[in-house]
Amino acid sequence: METVLTSLDSSKPSNNNIGAPASNGCVSTVQDSHHHPMAAPDATLGRHLARRLVQIGIEDVFSVPGDFNLTLLDHLIAEPGLKNIGCCNELNAGYAADGYARARGVGACVVTFTVGGLSVLNAIAGAYSENLPVICIVGGPNTNDYGTNRILHHTIGLPDFSQEFRCFQTAIVNNLEDAHEQIDRAISTALKESKPVYISISCNLPGIPHPTFTRDPIPFALSPRLSNKRGLDAAVDAAAAFLNKSVKPVMIGGPKLRVAKACSAFVELADACGYAMAVMPSAKGIVPEHHPHFIGTYWGAVGTPFCGEIVESADAYIFAGPIFNDYSSVGYSLLLKKEKAIIVQPDRVVIGNGPAFGCVLMKDFLQELAKKVKKNTTAFENYKRIYVPEGVPVKSEPKEPLRVNVLLQHIQKMLSGETAVIAETGDSWFNCQKLKLPEGCGYEFQMQYGSIGWSVGATLGYAQSVPKKRVIACIGDGSFQVTAQDVSTMIRCEQKSIIFLINNGGYTIEVEIHDGPYNVIKNWNYTGLVDAICNGEGNCWTTKVYCEEELISAIETANGEKKDCLCFIEVIVHKDDTSKELLEWGSRVSSANSRPPNPQ
């Protein structure tokens, strides 16, 4: 986790008696606060943090209360521009902050010490891997307990209660004198690096007035990052020369376009150069699919038909913000050559086998390159010559069991600029990649980390962040069983998402990698569970569908009579109903996983 590691600035009490309070008057931060009569009653650490969150665009924090964070929560919810969204568990609170950050640019969660901090850790690791600025705020121990050698509750029972701190790099706020500086440094780090940060605030500090926390704090601001001008010019000249001598160059957008805030610059380059434009699977939704030169998802053997052939036959390709891992490379089977590639990272450009240019921001590089690159539509013209329109699923017989490809055909018709798609880890990755996104339609999935269950919390957070969009979530039954509880929070927040629960009886993606009895799960009555969670309190509608006729009726109801409800549609499909892409991808990933050890 990226942030600033600060030193603990509190004195250590000498009284180590078990169960006895420190008696040497060591907590100077608390005592000193009484010597500041000029501090306004609401000029407190808790309110300062709340105002900072509002200033950077956060309107909702996702929390699970615990005794160490209760006072802090009092001060956060007292801020008029901030709403507390209570979650059922810390993992989902973290996933919700992840989903919120995808739409809003930054998210926050609040948990308690150790039991909460370690529970949220998996979600925060996912946010780190996906380059999302999530601010994880933890209510920490009383300032008197640091360095006392006491055993605290919520720990593993050792006098050293730093286990949680060792999992994170932390900003530990246990004094008031420099708390504002530590908070601002941590928030700045999150926004500049697009990584999560962890802020621990001692439970006895949030409500104490202090003059460093003015009622109207100095507005939060970040110094802009700048490219090295000479490095930028050299990188652009080298890249333009590389591309302008090629015959059929292409361009591919990657997930770090979002981190670099370079999506518009990428489109500027596409408009200027005329290259065939593709997107890596983890960047779907970042690159506009309505662009006239868009040819689909480049995902090797499992990508959009004809896209891989055009990319891999090109004599030059520019990748903007790529992440190449075993999943995105389909078990390391992409047919790319380094000497043909320009790799543009958020602050670095590498051309072929070299040279490399550092301190060059992606946004600046793409914008300047657009001014020097020659128009070349050869690859796109080749694509148009070989392209054959995709077929449509075979028409279902009356009352025929529903197939997933038929389901996706109907989801496609639901999409507009006022919708967003959340795709859970599993076969929904492959099925939802085939959706053609209209202008303005959001799309999110967690490809790098791939934690099953992510989508429930992410749907909660994303929908809370963009209330004017209707979120359509495709979630497998195995994943749903991990994090189902926070459907409760969606109902309580009056969200209107549509959840398609795809019930095929197991972990289908893992079946295709390596099958075994552990991939079969206990079937639940999912609609019955959601009805029980709703319990007659809130606006929620559920239904099961077994065939296309029932699906059509359910979608009509969800978009009509129940358009203001959370709609939960359980789709019953065959256990072996998988996309052809998953079959191909699973066998290749299985092969990569089963490589024998290299000879020693």
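The first residue you see is number 1, and the count goes up from there.
Each residue, glycine too, has its Cβ placed from N, Cα and C.
Caution: TrEMBL annotation is automatic and unverified by curators.
Residues or ranges marked as region 'Disordered' by TrEMBL: 1-41. The feature compositional bias 'Polar residues' is assigned by TrEMBL to 1-18. As annotated by TrEMBL, domain 'Thiamine pyrophosphate enzyme N-terminal TPP-binding' applies to 44-149. Per TrEMBL, domain 'Thiamine pyrophosphate enzyme central' is recorded for 236-354. As annotated by TrEMBL, domain 'Thiamine pyrophosphate enzyme TPP-binding' applies to 446-567. Residues or ranges marked as Mg(2+) binding site in TrEMBL: Asp477, Asn504, Gly506.
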DSSP-derived helix, strand and coil totals, residue by residue, for the domain 'Thiamine pyrophosphate enzyme TPP-binding' (446-567): 58 helix, 24 strand, 40 coil
Counting every protein chain shown, other Cβ atoms within 10 Å of the Cβ of Asn504 (Mg(2+) binding site) number 22
Averaged over the domain 'Thiamine pyrophosphate enzyme central' (236-354), what pLDDT does the predicted model reach? 97
May I have the DSSP-based helix, strand and coil counts for the residues of the domain 'Thiamine pyrophosphate enzyme N-terminal TPP-binding' (44-149)? 51 helix, 22 strand, 33 coil
Tell me the residue counts in helix, strand and coil for the domain 'Thiamine pyrophosphate enzyme central' (236-354), as DSSP assigns them. 40 helix, 27 strand, 52 coil
Counting across all protein chains shown, how many other Cβ atoms sit within 10 Å of the Cβ of Gly506 (Mg(2+) binding site)? 19
Residues flanking the Mg(2+) site, with Cβ no more than 8 Å from the Cβ centroid of Asp477, Asn504, Gly506 and excluding those residues themselves: Gly476, Gly478, Ile502, Asn503, Gly505, Tyr507, Thr508, Ile521, Lys575
